[in-house]
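I'd like to ask some things about the structure below.
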Amino acid sequence: MALHSMRKARERWSFIRALHKGSAAAPALQKDSKKRVFSGIQPTGILHLGNYLGAIESWVRLQDEYDSVLYSIVDLHSITVPQDPAVLRQSILDMTAVLLACGINPEKSILFQQSQVSEHTQLSWILSCMVRLPRLQHLHQWKAKTTKQKHDGTVGLLTYPVLQAADILLYKSTHVPVGEDQVQHMELVQDLAQGFNKKYGEFFPVPESILTSMKKVKSLRDPSAKMSKSDPDKLATVRITDSPEEIVQKFRKAVTDFTSEVTYDPAGRAGVSNIVAVHAAVTGLSVEEVVRRSAGMNTARYKLAVADAVIEKFAPIKREIEKLKLDKDHLEKVLQIGSAKAKELAYTVCQEVKKLVGFL
C-alpha cells in the first residue's frame, strides 16, 4: 500500500513538475481524477458580492471540471480573532446554507467543517516546524493585520498561513482557486511542499493557483479598497442577504465621479469601472457589451440598472438560503457526511506523513 501511494505521488509530482511554478489562469478542463481542488471560506460574516463573484461562482464551476473537489468551512481560521461561541456555531450553519444555495453540491464535491478533521492541526504543526519565523513575519497580510491591531496579533494569526498550507496539502491538492491577495500565501504552500519533498522524498504535489477571471470587487464607497465583510461603512458592501431596498440604496450611494457617461477605465475612473465590472459579471456580458448597451445613460440611472441586475441575480439564492436555514438537521447532516469523507482522505495522508517524519 505504501509503495502504491508513493508511486501515485510520483505520478502527481511528474504532472506538476511539467507545469511552471506559480499561478495559472483558470483552464478549460475535462474532468480529471488525477487532479484535486481544495478551497476554504471562513464562516464569520455574511457572504458579499465580492465573495460570490470572486470565489463562489468559480467553486460551482470547478465541481463540473474536476472529479475530486473539497470545500471547507474553515472555522479554525476564524478564531484568530475573538469569536462568540454561540454566534460562531450559528455562523457555520448559516455559511453551509449559503454555499448550498449558491450551487455547491455535496454530490459533486465534499463540503465539510475544518475543525471536525483533526488532521488539519496535526499536519499544521509538522509544517510549522519547517518554516522560519521571519518568513511568516514578512507576509503582507500579517503586517497589514497587525498594523490594524496595533501590533498585537496572536500566534494563531501569525501561523494562519501554515494552517492554510496544511489545509491544502493534507488532501494532496493539485489546484487551489485563489484571489490576487492570496498569491503570496500560495507561494508559501508551494515552498513547504517542495521543502517536505526534499527532506522526506517526493510525496506532496506542488499545488497550482487557479486565479479567478473576476478581479477583486471594490468597495462601493472607496474604489481603491476591496469589498470586505468587515467594512465599518454599511453602504460599502453588498451582502448576499440584503433586501432589494438595501441593494438599491448602496448602489445609489456608490462613489463614482463628476462625468456622467458610462465608460470602463479602471485607472482613470475606478468607481464607475467597478460598477461596470460587477454588471458584466452578474449578467454574463462582456465589459464592452455592457458599456455599449449603456450608451446615453448617465451614471445615476446606470447605478440603479446595475442594482436591479444584482437583485435579480441574488433573488433565487436568497429564497433558497431562507428555505435551507429552516432545516438545521439537514445542514448538520451535510457537514457530518462531508467531514467523514474528508476525514477518510486526511487520515490516510496524515498517517503516511507520520511514517515519513518518524512518528510511526
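Cβ coordinates are placed from backbone N, Cα and C, and glycine is handled just like the others.
For 1-18, the entry in Swiss-Prot reads transit peptide. Under the heading ATP binding site, Swiss-Prot lists Gln42, His48, Leu49, Gly50, Asn51, Gly179, Glu180, Asp181, Val217, Lys226, Met227, Ser228, Lys229, Ser230, citing a large-scale study or a structure entry as support. Summarising the annotation, Swiss-Prot assigns L-tryptophan binding site to Asp167.
Could you place these features in context, so I can see how deep they sit and what lies close by?
Classification of Glu180 (ATP binding site) by DSSP places it within a helix. Listed in sequence order, Leu211, Lys215, Lys216 are the same-chain residues six or more apart from Glu180 (ATP binding site) with CB atoms under 8 A from its CB.
Classification of Asp167 (L-tryptophan binding site) by DSSP places it within a helix. The number of other CB atoms found within 10 A of the CB of Asp167 (L-tryptophan binding site), across every protein chain shown, is 26.
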When DSSP is mapped onto helix/strand/coil, what comes out for Lys229 (ATP binding site)?
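Assignment for Lys229 (ATP binding site) reads coil.
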Give me the non-local Cβ neighbours of Asn51 (ATP binding site): same chain, 6+ apart in sequence, Cβ-Cβ under 8 Å, ordered along the sequence.
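For Asn51 (ATP binding site), the qualifying residues are Ile41, Lys229, Ile240.
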For the ATP binding residues given in the record (Gln42, His48, Leu49, Gly50, Asn51, Gly179, Glu180, Asp181, Val217, Lys226, Met227, Ser228, Lys229, Ser230), what is the largest pairwise C-alpha separation in angstrom?
19
Would you count the other CB atoms within 10 A of the CB of Met227 (ATP binding site), including those on all shown protein chains?
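Looking across every protein chain shown, the total is 25.
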Using C-alpha atoms only, work out the spacing between Leu49 (ATP binding site) and Asp167 (L-tryptophan binding site) and round it to an integer in Å.
25
Taking only same-chain residues 6+ apart in sequence, whose CB is under 8 Å from that of Val217 (ATP binding site), what do you get?
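Long-range Cβ contacts: Leu49, Gly50, Leu53, Gly54, Lys226, Met227, Asn274, Ala277, Val278.
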